[in-house]
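Below is one structure, written out as structure tokens; comments come after it.
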Amino acid sequence: MGPEGKSLLNIVILGFGFMFMFTAFQTCGNIEQTVLKSYNSSDFHGSGYTSMSIIYGVFSASNLIAPSVVAVIGPQLAMFFSGLFYSGYIAMFIHPLTWSFYTASVMVGIAAAVLWTAQGYLLTINSSDSTLGRNSGIFWSLLQFSMFFGNMYVYFAWHGKTHISDKDRQTVFISLTVISLVGSFLFFLIQKTEAEPMTSDPMTSETSESLLPSETLTESSAVVTAAPGVGSQALDAFKKALKLFVTKEMLLLSTSIAYTGLELTFYSGVYGTSIGAMTVFGDSAKSLIGLSGICIGIGEILGGGVFGMLNKCNRLGRNPVVLLGLITHFVAFFLIFLNIASDAPIAPEEGTHLQAFITPSVEVALLCSFLLGFGDSCFNTQLLSIVGYMFREDSAPAFAVFKFIQSIMAAVAFLYSNYLLLHWQLLILVVMGFLGTLTFFLAEWLAVMRHRDSDYDSI
């Protein structure tokens, strides 16, 4: 097998490894609040929302040390050990304890930063300028399929159940733990390859914007430079990130990035839990959590694929896509407001008997899941595109700021999801989505002006 074939095989193995791991982890995140509500133990006092808040908060801070860790132990071992922490977090649900639950949350936050940093490095060294877009698309597509398999399993395993028994919980999480471990061990099949130097920044490739769930992809260049003088390199990257954070362009984009963090929390945890709490949906309510996750995945894949392909031929700029994302989300939020009871996100284990403003409809609920995924892909593809364009000389620290803002806001959203009724959460999303779109338009205008100035200077 030639070098190019070996590199392509490595990308496929990398994608399958992440697909197995996140089939387990994303399914876990989607159902954990519902599972913990059903867990009948006087000694356990944990919250799935609080756990995810801890994970995202620690993940955000851990991006500062992740490049150094990968440089010291290598990307394969880094991903393997990170995968073990993911598996340990999932296995904890077999018999939850409060102390192990929150300890595992902290460890997964650290592991996530290391995992995605190593992934970005391996994608980079197995790609050239001409193959980065293709390889990014292959990896992203395989990763997105993780939204299907785990949620489909939950749908069939919990179909017709109104209460998740200990046996139901243990069966699901033993299966998810095994699936996650398979993904971790797949990383050892990745073969060593000679890094082919890239003549341009890896994140300026036009098709790399489609890496929706892996905003962390761009840490790769930080890893490459981290080997000599690990401490000083990490400190320099941190200083550069702080400088970029206060630039006019990044401050404008920060509102849009913050919105994607809030929306990530809503579609990946809060909305599925809300659907599962609607007793009016009958015995199928719990299994609808899995079906909702599948519809979100379809929206993500469709939106990311379409706008990833259109990126090369779109002469209208990024604004129309972001505006479409905002309209899609506003339609979804309005339908959710009409269809789902306001106390559903914080309802007890037996669910809520309240109704919203229309007769609750399963079809409308699943349509909203699709719209949430599609709208999310609109925002993320264009944000990754504009950040890569405006900060092409400093992509690693720029995307570190991107990840930091997004992760912090996701942590905040998971925290307030423990207390706020659904209509207040939707109001926050509407306000932030509107402001984020306006500031994105301003940032896009700056990008267009910069492009025109550079064209004028080259005359």
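Glycine residues also receive a Cβ, built from the backbone N, Cα and C atoms like all the rest.
Bear in mind that TrEMBL entries carry predicted annotations, made automatically and left uncurated.
According to TrEMBL, the protein carries these features:
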- 7-26: transmembrane segment (TRANSMEM)
- 46-65: transmembrane segment (TRANSMEM)
- 77-95: transmembrane segment (TRANSMEM)
- 101-125: transmembrane segment (TRANSMEM)
- 137-158: transmembrane segment (TRANSMEM)
- 170-190: transmembrane segment (TRANSMEM)
- 250-268: transmembrane segment (TRANSMEM)
- 288-310: transmembrane segment (TRANSMEM)
- 322-342: transmembrane segment (TRANSMEM)
- 354-375: transmembrane segment (TRANSMEM)
- 396-416: transmembrane segment (TRANSMEM)
- 422-443: transmembrane segment (TRANSMEM)
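Counting C-beta pairs under 8 angstroms (sequence separation of 6 or more), the transmembrane segment (170-190) reaches the transmembrane segment (137-158) with 3 or more such pairs.
In this chain, the transmembrane segment (422-443) lies out of contact with the transmembrane segment (101-125); the count of Cβ pairs under 8 Å, excluding pairs fewer than 6 apart in sequence, is fewer than 3. Counting C-beta pairs under 8 angstroms (sequence separation of 6 or more), the transmembrane segment (137-158) fails to reach the transmembrane segment (422-443), with fewer than 3 such pairs. The stretch from 322-342, 354-375, 396-416, 422-443 with the most CB pairs below 8 A to the transmembrane segment (288-310) is 354-375.
Most Cβ pairs under 8 A with the transmembrane segment (250-268) among the ranges 7-26, 322-342, 354-375, 396-416 are made by 396-416. Long-range neighbours of the transmembrane segment (354-375) within the same chain, counting only residues 6 or more positions beyond its ends whose Cβ lies under 8 Å from a Cβ of the stretch, are 263, 266-267, 271, 275, 278, 280-281, 284, 288, 291-293, 295-300, 302-303, 324-326, 328-329, 331-332, 335-344.
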